[in-house]
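Student: Quick one: structure below, then a few questions.
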Amino acid sequence: MVADNSTSDPHAPGPQLSVTDIVVITVYFALNVAVGIWSSCRASRNTVSGYFLAGRDMTWWPIGASLFGSSEGSGLFIGLAGSGAAGGLAVAGFDWNATYVLLALAWVFGAIYISSEIVTLAEYIQKRFGGQRIRMYLSVLSLLLSVFTKISLDLYAGALFVHICLGWNFYLSTILTLTITALYTITGGLVAVIYTDALQTLIMVVGAVILAIKAFHQIDGYGQMEAAYARAIPSRTVANTTCHLPRADAMHMFRDPYTGDLPWTGMTFGLTIMATWYWCTDQVIVQRSLSARNLNHAKAGSILASYLKMLPMGLMIMPGMISRALFPDEVGCVVPSECLRACGAEIGCSNIAYPKLVMELMPVGLRGLMIAVMMPALMSSLSSIFNSSSTLFTMDIWRRLRPCASERELLLVGRLVIVVLIGVSVAWIPVLQGSNGGQLFIYMQSVTSSLAPPVTAVFTLGIFWQRANEQGAFWGLLAGLAVGATRLVLEFLHPAPPCGAADTRPAVLSQLHYLHFAVALFVLTGAVAVGGSLLTPPPRRHQIENLTWWTLTRDLSLGAKAGDGQTPQRYTFWARVCGFNAILLMCVNIFFYAYFA
C-alpha cells in the first residue's frame, strides 16, 4: 500500500544547459587535453621507468593531488553524496580513516617499496617471498578488481551524471570520455596521468566549494541542516514502514555496533584493514608514491592528500544531505514506481543527489563548471586505473611469459592493454545500465571486504614479520580467497530485500556486517599464514634484506633519483617539516572525529 500526500509534480523538467555551459565544458576539455599533451612531451616515455613510474622524478604537490584525485573519481564523488543523502555523515569515515593509512604508506610501506626498487607491488611480493605463484595471484586479482569494480563504478556513476545533466546518449558519452582519457594515458604514461590529475583536482575542489556554498545558502546555513534533513520525507511512502524516514543518528559518526548501518567497530577496524589494502598495497595508489623524487616528496604528497581527504564531508556528503532536504520526492523516494520515474532504478535514487543539486542550484556558466568537475573526476580515476593495470599486466604477466622482451615491446604491450581495457569497459556498459547505482556502490564495498583483507594480511606480515615465508603467505591467501568468495556468491544469490520486505538472507549476510566480516577474514588469513610459516623453514637473512621494516639497510636520504640536488642537511630539515605536519594532521583529524562523534 502506498501513501500519497503529494500536491505537485516532483518530476517536472529541470533547468537545461545553456550555450555558456557548453562553452565552459568545451574549454575544460581542451585545457585537459593540452595539459596531457604538454606533460607527455616533457615525459621520458621511452623507458619502462619513465613510462610507468614517471622517471621517479615527481615532486610532492602533483603526487598529493593525484592521490586525492585518483581516490575521488566520479564513482565516489556521486557515491559519497548519495550515501550522505541516504544515511548522513558517517560515510565520511571512509575519507577520514585514510589519514592514518596514508601516513603509514609514506613512513612505512613507501620506505620499504622504494628501498626494494620495485615497479609493481606484485614484484615486491615476489622479492619478499620468492617464487611466482603469489605474484601472479595478486596481479590477476588486481586486474579483475580494477575491471569489475573500479572501472564499473566510475563508468556507471559518470554515465548517470552525464545522462541527468546533459541528456547525452549513454553509450556515446561514455565512449567519448574513455577515448579522451585513454589517449593521454597511452601516449604519456604516468607523468601525463599525474599532471592531469593535479589539474582535475584543482577544478574538483573549486567547483565543489562553489556548489557547497550555494547548497548551504538554500537552507539558511549549516545550523539549519540537521532540522532540514530530518524533515526530508517523500510525499509518497510505503505504508507501515519506516524506511522513508531519515536516520535518527544521521549527524553522528560513531553508530551502534549492532544496529548501525555503518557500525563504529567496523568503521574503526574493518575499514582500516580495507583502507590499508587500498592505500598501501593497491597498485593504482602506491604507483604515485613510487614515482617520488625521494622519500620526503612521497611523505609530503601523502600529507597533502590527507588534508584534501578532510574536505569531502563539507563538499560532498553534507551537500548530499541538503539535496535530499530540497528534493525529498526524488532523492529520498522509496516507492518503486516513483524511483523508476526519478532515476530509472526501483530501489532508490540517492545517487542522483549531487547531479540534482548541480542542475537545480547552479547558475548559467557555473553549471557547466560543475559538469567540468565531474568529468575530470571520472577521467582522473579511469586514467589511474588504465595506467596501473597496464603496468601490472606488462611487468608481472607479459614479462613473465616473455622474459626476453625488449623495452620497446613492453611499452607497446602496455599501450595495447589500455585499448583492451577500453573494449572490456564498453562491453560492461549494458550490465551497468541494468544495475542500481546504490547497489553497485554496496557491491564494490562488499567485494573489497571479501577480497582485500587477505592481501592486507600478507603484506603486513611480509613487512613486519621476518619469519613469514612463501608457503604460509600462499596458503593464507588461498584460505582467505575461499572464505571471501563464498560470501560473495551468497550475496549474489541473496540480495538485500527492498523496503517493507522480510529479510530472509542467511545469517552470515543479515547478521554479519561486511566491515565486521573484513576483520574476521583478516584474522583468519593471518592465522593460516603464521601457522604455515612456522611449520616450514624461515627465509634466510639475505633473502629479506631491504624488504622488511627490520632489515632496511639502504640509505634513502638522497632519494630514488640520483643527482636530485639533495644534501643530508636539507633532507633532514624537510623530513622534520613532514613529521611536524603529520602530527598536526592527526590532531586535526581527531578533532573532527570528536566534534561529529
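Backbone N, Cα and C define each Cβ position, glycine as well.
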Student: Both THR59 and THR548 on the same side of the membrane in Swiss-Prot, yes or no?
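Tutor: Going by Swiss-Prot, THR59 and THR548 are on the same face of the membrane.
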Student: In the topological domain 'Cytoplasmic' (391-410), how many residues does DSSP assign to helix, to strand and to coil?
Tutor: 15 helix, 0 strand, 5 coil
Student: Using Cβ atoms only, state whether the transmembrane segment (445-465) and the transmembrane segment (515-535) have three or more pairs under 8 Å that are 6 or more apart in sequence.
Tutor: yes
Student: Do any residues of this chain, six or more beyond the ends of the transmembrane segment (515-535), have a C-beta under 8 angstroms from a C-beta of it, and if so which?
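Tutor: For the transmembrane segment (515-535), the list is 262-263, 265-267, 269-271, 273-274, 448-450, 452-454, 456-458, 460-461, 465, 467-469, 471-477, 479-480, 483-484, 487, 508.
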Student: For the topological domain 'Cytoplasmic' (122-137), provide the mean pLDDT of the predicted model.
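Tutor: Mean pLDDT across the topological domain 'Cytoplasmic' (122-137) comes out at 86.
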